[in-house]
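Look at TrEMBL and you will find 12-68 tagged as domain 'Release factor glutamine methyltransferase N-terminal'. If you look up TrEMBL, you'll see 98-186 marked as domain 'Methyltransferase small'. According to TrEMBL, the feature S-adenosyl-L-methionine binding site maps to Gly113, Thr114, Gly115, Ser116, Gly117, Asp136, Trp163, Asn178. Here TrEMBL flags Asn178, Pro179, Pro180, Tyr181 as substrate binding site.
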Amino acid sequence: MNIAEALALARQLISAAEARLLLGHVLGRNSAWIEAHRDDALGETDARDFAALVARRAAGEPVAYLLGSREFYGRDFKVSPAVLIPRPDTELLVELALAALAGQPSPRVLDLGTGSGCIAITLALERPDARLTAVDAAAAALAVASQNAAAFQASVRCLEGEWFAPVGGERFDLIVSNPPYVAAGDRHLGEGDLRFEPLSALASGADGLDDIRCIVAAAPAHLESGGCLLLEHGYDQAAAVVAMLSASGFRDVASHPDLAGIPRVTGGRLVR
Ligand code: GLN
């Protein structure tokens, strides 16, 4: 069998782009190389490995988990089923965080529920003077974050625990989080990639706001005066998060639209 024939077989089950990505993964090549070598013969082991990946993808497993990586803010992060797959929308949170940190030398930044570490590591790499702390309650997720930090030589302190538990009496200039925010009964949890992602990284109580309530309530005690809190949230949660931040004493509370124009990140500044 040659590459063109293997791709044609895969095409009966999955998209052409995904077939190229998966075959490229097996062969250690990119999609452009695959296209340029359509007439090359495919070894028996490679053909079998490719067929296995195609079958898993056809059964719904996310491409990111099959490849073991996902691009975020221009860098390839290792991912496993222990972590949420980085989403392009979360780059908005990174951009707002960088804007909030502009002009602040050596800021202390806390990322709650870091997962793959994509937010904390990106901030550490974009702002080498920042002092990053990344927290996650799941040891398996934190291990992925630590591996990513090491791979990028990013200086990030990784701590295991629930939300603020591991940072006791510490205060930060900026707290960011992409917490779980999907309502427990949301049908999306049973569809697409979400079926394979950790439920603990996705679902958060009846209205999806349990963890955000918890973070907003505890954040003021962990922010310096003038410090910011930035939270990613669901498509219909902006008004609720604005109300929570305002009630907790945050100023300049504002929501920011994602790539689809939906308010996706809400933040505010704490002034004492
Ligand atoms: N944005 C994700 C989704 O709806 C959810 C991520 C999260 O809960 N933090 O697919």
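Positions of Cβ are set from backbone N, Cα and C atoms, glycine also.
Shown on the structure are the features that TrEMBL records.
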| residue | record | DSSP class |
| --- | --- | --- |
| Gly113 | S-adenosyl-L-methionine binding site | coil |
| Asp136 | S-adenosyl-L-methionine binding site | strand |
| Trp163 | S-adenosyl-L-methionine binding site | coil |
| Asn178 | S-adenosyl-L-methionine binding site | coil |
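Ranking the binding-site residues Gly113, Gly115, Pro179 by how many Cβ atoms sit within 10 Å of each one's Cβ puts Gly115 at the top. Cβ-based crowding with a 10 Å cutoff singles out Thr114 as the top-ranked of the binding-site residues Thr114, Ser116, Asn178.
Packing around Trp163 (S-adenosyl-L-methionine binding site) is summarised by its Cβ count: 21 other Cβ atoms lie within 10 angstroms of its Cβ, all protein chains included. Working note on the binding-site residues Gly117, Pro180: by count of other C-beta atoms within 10 Å of each C-beta, Gly117 ranks first. Checking the binding-site residues Gly113, Thr114, Ser116, Gly117, Trp163, Tyr181 against ligand 1 with a 6 Å cutoff on the Cβ atom leaves Tyr181, in sequence order. Less than 8 angstroms from the CB of Tyr181 (substrate binding site) sit Ser204, Gly208, Leu209, Asp211, Ile212, Glu232, His233, Gly234, Gln237, each of them six or more residues away in the same chain. If you average pLDDT over the domain 'Methyltransferase small' (98-186) in this model, you get 98.
For the domain 'Release factor glutamine methyltransferase N-terminal' (12-68), the number of residues in each DSSP class (helix H, G, I; strand E, B; coil) is 38 helix, 1 strand, 18 coil. One way to see the shell of the substrate site is to take the Cβ centroid of Asn178, Pro179, Pro180, Tyr181; the remaining same-chain residues with a Cβ within 8 Å of it are Gly113, Ser177, Val182, Ala201, Leu202, Ser204, Asp211, Ile212, Leu231, Glu232, His233. When DSSP labels each residue, the domain 'Methyltransferase small' (98-186) comes out as 29 helix, 23 strand, 37 coil, counted as helix, strand and coil in that order.
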